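As recorded in Swiss-Prot, the features of this protein are as follows:
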type: DISULFID; residues: CYS22-CYS46; note: disulfide bond
type: DISULFID; residues: CYS25-CYS32; note: disulfide bond
type: DISULFID; residues: CYS39-CYS67; note: disulfide bond
type: DISULFID; residues: CYS73-CYS94; note: disulfide bond
type: DISULFID; residues: CYS95-CYS100; note: disulfide bond
type: DISULFID; residues: CYS118-CYS143; note: disulfide bond
type: DISULFID; residues: CYS136-CYS165; note: disulfide bond
type: DISULFID; residues: CYS169-CYS191; note: disulfide bond
type: CARBOHYD; residues: ASN176; note: N-linked glycosylation site
type: SIGNAL; residues: 1-19; note: signal peptide
Amino acid sequence: MKYLHTICLLFIFVARGNSRSCDFCHNIGKDCDGYEEECSSPEDVCGKVLLEISSASLSVRTVHKNCFSSSICKLGQFDVNIGHHSYIRGRINCCEKEPCEDQLFPGLPLSKPNGYYCPGAIGLFTKDSTEYEAICKGTQTKCINIVGHRYEPFPGDISYNLKGCVSSCPLLSLSNATFEQNRNYLEKVECKDAIRLASL
């Protein structure tokens, strides 16, 4: 069930834009074939995003080609340690001309716990999932908390939240509240210092 929620969440994060034309497709794996779609402001560039959920030795990757705003393009990549030996990672590449090149995933770093932790959570259809302790590793000294929603004709307003350890705070901007369909909106982006584990 956790993987089903995560895959659904990955598709939500990569929301479609609606006058530039870009390839538009989603798929499980490394590549996809789709169709050309006109973009609308503020989605003004074409992009390709690779997303991965890893848990222990198992991983699932998805690919998304779409219209994006330049602010999303600046993110470049992200790696979130959500706890329980699980990660959500993304590689974003935007381009002026198709096809956009890939940014490959390196192997997960063999990092050791660094003495810090963050609240960890991943939730779909909720903005307040049950938290657990995500043990930070390596250079992860920040806690990320992202809450947002995507409005669809059916089933309607899809809420989501994501919490975990990160190495640096992403430059993400909050979105204006709206009920326009097929759009992804960030309601909360918090990034704080990780919490030091109590000495035994």
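A Cβ is built for glycine as well, from the same backbone N, Cα and C atoms used for every other residue.
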Exercise for the section: Mind giving me a neighbour count for CYS169 (disulfide bond)? Other Cβ atoms within 10 Å of its Cβ, every protein chain shown. Expected result: 14
Fill in the blank from the handout: Fewest C-beta neighbours within 10 angstroms among the disulfide-bonded residues CYS94, CYS118 belongs to CYS94
Fill in the blank from the handout: The disulfide-bonded residues listed are CYS46, CYS73, CYS118; by CA-CA distance, the one closest to CYS95 (disulfide bond) is CYS46
Fill in the blank from the handout: Here the disulfide-bonded residues are CYS39, CYS67, CYS73, CYS94, and the Cα closest to that of CYS143 (disulfide bond) is found at CYS73
Problem - Rounded distance in angstrom between the Cα atoms of CYS118 (disulfide bond) and CYS136 (disulfide bond) - result: 7
Problem - C-alpha spacing of CYS136 (disulfide bond) relative to CYS94 (disulfide bond), in angstrom - result: 30
Handout entry: Distance from CYS73 (disulfide bond) back to CYS67 (disulfide bond), taken between C-alpha atoms, in Å
Key = 10
Completion exercise
Checking the disulfide-bonded residues CYS22, CYS46, CYS100, CYS165, CYS169 against CYS39 (disulfide bond) with a 10 Å Cα-Cα cut-off, in sequence order, leaves CYS22, CYS46
Exercise for the section: Output, ordered by sequence, the same-chain residues six or more apart from CYS73 (disulfide bond) with a CB under 8 Å from its CB, or 'none'. Expected result: VAL45, GLY47, ILE92, CYS94
Fill in the blank from the handout: What DSSP gives for CYS32 (disulfide bond), in three states, is coil
Fill in the blank from the handout: Looking at the disulfide-bonded residues CYS22, CYS25, CYS136, CYS143, CYS165, the one with the fewest other Cβ atoms inside 10 Å is CYS25
Handout entry: Fewest-neighbour residue among disulfide-bonded residues, criterion Cβ within 10 Å, set CYS32, CYS39, CYS67
Key = CYS32
Handout entry: For CYS22 (disulfide bond), the one of CYS32, CYS100, CYS136, CYS165, CYS169 that lies nearest, given that the disulfide-bonded residues are compared by Cα
Key = CYS100
